[in-house]
Amino acid sequence: MFAKHRSLQPTGAAPPPPGGPPAGNLAVAPAAARFDELLDTLKHAYDDAHRETIALKMQRDEYEAKINAQVNELNHIRQSLYELEAAHKAVRLRYEDEFARLTQELANRPAAPPAGGPAPPAAYPSDYEREREDREREREHNRERDRAARDREREIRDREREIQREKDRDIRERDREMRPADARAPDFHSSKRATTSAPAPRDKPSAPPASAPPTKTERERERPADPANKSYGWDANSPTSPPRASASTSAAPSAPAAAPAPHPEPMDLEEIVHPDCKKEGGDWFAVFNPKAKRALDVSLTLTLAHESVVCCVRFSHDGKYLATGCNRSAQIYDTKTGAKTCVLIDEAATKTGDLYIRSVCFSPDGKYLATGAEDKQIRIWDIAKKRIQKYFEGHTQEIYSLDFSRDGRLIVSGSGDKTARIWDMETGACKVLQIIEPDVVDAGVTSVAISPDGRLVAAGSLDTIVRIWETHTGNLVERLRGHQDSVYSVAFTPDGRGLVSGSLDKSLKYWDLRGLLQNPRMSNPLPQGGNVPSNSPNFPGGAGRKEGGEKGSICTTGFLGHKDYVLSVAVSPDNQWIVSGSKDRGVQFWDPRTATQQLMLQGHKNSVISIDLSPAGGLLATGSGDWQARVWSYALLQ
């Protein structure tokens, strides 16, 4: 009965084979491994994020600490400023009270009774006289106070200068002992271009730059000029006119110089001149020589503020632009509007320390600007592209002066390494004009100039001598002696027949070069260094030393009137005026025909380091340690 019925089959999963794992676990195992891997990855990512968060928190805490420190420092500075302002107000109020009290005492003082005769018709004259006497006493008191302050500053500068000289001397001696004999050369660093008695901000050229320029003692610098030097000023005490130059610039070079007349001590113009001889602006004034016919008028046209000492100023050949050099940058300004048209900075230059631009010069076509700096490099800038076109390298010390030839083919440079160098603008070829002197003679070149015809190169140097080379041969053809201290500036006259030099002996000299130019042996080189006997007039400081040149050049005129170092000189394009800038903060216009001052211009609060006259005429530029350059207009009176 049951034989035809089939047995029921199980509907669940088949039983696992003997000895094997369950079939479901085969799928679960890979999933679990993948999950563990993801958990590990997530953990690592979390740990990295946590560590980064901790680092960021530490960095944030560090920044917050720095910010708090700077805020505290700013608060401290602000508090100091408030205290200084309060102290200043207190001092000012005290002086105002004292002034008011003294004024009241003077007003209450009874007038002295007359010795006899009728009383004056009105009180005005006596009151006027008393006020004038009071002003004179106050002015005299201020002068005495300023004089005492200047004396103290001078003593401090002298002590600092002497200490610096001793340090520099020790350094040079150590250097000489360490170097081979044939490689020894004097260190020019201690004789940087004299500049300023710097104000509070980073005034380097007590300038560019500041320095203890020469190696002579202060007593030697302060001694009066050689009486044989025909220098003139105008004297406050002399009722007569100043003597005229015994040899004018038009005298024949071979003519003997007349016996020089003693010259009066230059007067302090601003203290004694009549108001009609003085012109004043907001922060400047000009004083005209009361004993010379007034021929010029001068006015301030532009004031150009800078971020450091202005070491150099130079006009373009058309007079439309003015270039200035200061720390790390050169600027170009429009001389009509004062707009800054260009700023030139070499971003590749070293960022450590200062890098003052000591000299700037436009090419004659106005397309390029050459700059010379403390890093011993000459840079030729393409002005339109604001990019360096080329470098000229070879100097081993700072570059102090540059000048282009009129055709733009050559540029000459002067450096503290006792060389001037002539560079070819197209090929870059260099001709070295070397000063070969004993190691004891510091003959670093401070100023260079090319004659208008390009035949000659003149250089002033620290050893008091002006040297002249022939351009195409490189031969030294003339040495001009007469200055008592380092020569800091030279400039040819527009006709090329004369040369003007300015020196730390506070004087200028005009050299007539016609004797040299007419000398048939002009191209013959002069002996230098070991080829010159020490007792020869050709030897610097030798026993036979004489004033003048060795091939017929003569000093026809000396200009004395500055109270401190003459740092820069220029000649007007019409050859009518010589202009000089000085450490005494003044600029003087000189008449080369009479060797007299025409006017004295005071418009800076620190040394006038550099001046330039526009080749187009009518404009004067001045650069100073007070961080300003100024443009002045001058014109003949009708």
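Note: Cβ is positioned from N, Cα and C throughout, glycine not excepted.
Bear in mind that TrEMBL entries carry predicted annotations, made automatically and left uncurated.
Per TrEMBL, these features apply:
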- 1-25: region 'Disordered' (REGION)
- 34-109: domain 'Transcriptional repressor Tup1 N-terminal' (DOMAIN)
- 108-269: region 'Disordered' (REGION)
- 243-258: compositional bias 'Low complexity' (COMPBIAS)
- 357-391: repeat 'WD' (REPEAT)
- 392-433: repeat 'WD' (REPEAT)
- 445-479: repeat 'WD' (REPEAT)
- 480-514: repeat 'WD' (REPEAT)
- 522-550: region 'Disordered' (REGION)
- 522-538: compositional bias 'Polar residues' (COMPBIAS)
- 559-600: repeat 'WD' (REPEAT)
- 601-638: repeat 'WD' (REPEAT)
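Long-range Cβ contacts of the repeat 'WD' (392-433) within its own chain (Cβ-Cβ under 8 Å, at least 6 residues beyond either end) map to 185-186, 188-189, 191-193, 358-365, 370-374, 376-378, 380, 443-450, 452-454, 457, 459, 461, 469, 471, 474, 476. Within the chain, the repeat 'WD' (445-479) has long-range Cβ neighbours (under 8 A, six or more residues past its boundaries) at 188, 191, 193, 213-215, 400-407, 410, 412-420, 422, 431-433, 435, 437, 485-492, 494-496, 499, 501-503, 511, 513, 516, 522-526, 528, 538, 540, 549-551, 553. Among residues of the same chain six or more beyond the repeat 'WD' (357-391), those with a C-beta under 8 A of the stretch's C-beta atoms are 193, 208, 311-318, 321, 323-330, 332, 342-344, 346, 349-350, 397-404, 406-408, 411, 413, 415, 423, 425, 428. Secondary structure by DSSP for the repeat 'WD' (392-433): 0 helix, 24 strand, 18 coil.
When averaged over the repeat 'WD' (445-479), pLDDT in the model lands at 96.
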